[in-house]
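Straight from TrEMBL, the features:
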- 12-168: domain 'Nitroreductase' (DOMAIN)
- 15, 16, 17, 44, 137, 138, 139: FMN binding site (BINDING)
Ligand SMILES: Cc1cc2nc3c(=O)[nH]c(=O)nc-3n(C[C@H](O)[C@H](O)[C@H](O)COP(=O)(O)O)c2cc1C
């Protein structure tokens, strides 16, 4: 069993999406441990509707060429000077995992499978956080590009729902707040009770 440093609450509340990595690689062993634990996410009917395509270590370095081809079309429009600046600032994550989900023809099951895979992704992000590895769920439009899908061997009836980046980081992102609970919660029956003078 892997040792866990953080409480569940600590991990949930303090995890932040990391968008600036420091370029340090993430070992395949770490990624495998994270995915192996994350797949315990609840999933209806135990359909296990997911699979993963992982690029880590040397393969991630190779994979960056694919990303340049499909992933950063805007870079093609930049002047040479701006491109150089952009590349200097760009710190790639250390590994990337594409989460592929079966697209059930039944709408309810399809939704359930997406929900289950989302839980798996949150598990993975929390497990990574506990290891000091940052992550970010990315959904760039090229995930649906037929050529990109072919490059990754994604079949008909499957959808890449996440480019999940993993990597080490130097800075903790601040000021990412959430809507306060009182703005988003209604307590069933409370208003009626108040109006009736019962509270
Ligand atoms: C379904 C989903 C898709 C996301 N896609 C992107 C994305 O394409 N690019 C990006 O920068 N962040 C993406 N994010 C990350 C969120 O923007 C991030 O969680 C949000 O900024 C809150 O930051 P925090 O997780 O650090 O609190 C995505 C998150 C989710 C759940």
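Placement of Cβ uses the backbone N, Cα and C atoms for every residue, glycine included.
Automatic, uncurated: that is what TrEMBL annotation is.
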Just the binding-site residues from 15, 44, 138, 139 whose C-beta lies under 6 Å from any atom of ligand 1, please, or none if there are none.
138, 139
Once the chains shown are all counted, how many other Cβ atoms turn up within 10 Å of the Cβ of residue 17 (FMN binding site)?
13
Enter the number of other CB atoms within 10 angstroms of the CB of residue 139 (FMN binding site).
11
